[in-house]
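> Pulled these from TrEMBL:
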COMPBIAS  1-11  compositional bias 'Polar residues'
COMPBIAS  59-69  compositional bias 'Basic and acidic residues'
COMPBIAS  124-133  compositional bias 'Basic and acidic residues'
DOMAIN    136-226  domain 'Ras-associating'
DOMAIN    228-275  domain 'SARAH'
REGION    1-30  region 'Disordered'
REGION    51-72  region 'Disordered'
REGION    117-140  region 'Disordered'
């Protein structure tokens, strides 16, 4: 493994390796050629169904962030990197640079509930030429597989925001990085603890503090939920597509209710016809 860390604080370098690839098992949800955006989805509902999830709780700051605030000497870094590498069973080692920084790998899992947008495939047709001349940019949106993950080779100076931007760039996702957030996840005493990282936190430092065990610490990319959905962050084609999905769901719910009441009415009428007066 080559040492690729940049000596500049502002321009850390990234080397990325696939943890898993996206699935090709998507069905087309395209309805109209007039739409500027195509959507491919393996889901049938805009709103996720309620399901059982592990118990989660907020991580106490004094348990998770104190180690990230402590100042380390060069000797501290060397000792921690040595201890970390001694626990590695693969070639994903950490390396110390001459400028005192260090580089290593982090694994990020994708837990996205909404689709992401990528540039539409380029076509040499006349229609594609007309779109380019009109300045219209087409996009393709799809759901990432739930088990998708990626390894990033980053520097100790790489921030959580830069990790998000690097992940989106690798997947050629054109969505606003502000839609996403990086979380740390840990398991202790049969409890799952999740904490949202601030933009300026250093994921590799957290990885070094926790060691290579994924149960003690892992990283997850999720939507940047701040309460209500910020619909203004979505493009016009995305919003139109969401409205189409909502309309289909509404029509399906109405259809189910009508069928349920029709069945109940039929059974009651059958019961009345078979009953004797008095």
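Yeah, the Cβs are placed from backbone N, Cα and C, and that goes for glycine too.
Automated prediction, rather than curation, is the source of TrEMBL annotations.
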> Over the domain 'SARAH' (228-275), work out the mean pLDDT and round it to an integer.
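Overall, the domain 'SARAH' (228-275) comes to a mean pLDDT of 86.
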> Could you give the number of helix, strand and coil residues in the domain 'SARAH' (228-275) as assigned by DSSP?
42 helix, 0 strand, 6 coil
> When DSSP states are grouped into helix, strand and coil, how many residues of the domain 'Ras-associating' (136-226) land in each?
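Tallied per class, the domain 'Ras-associating' (136-226) gives 22 helix, 32 strand, 37 coil.
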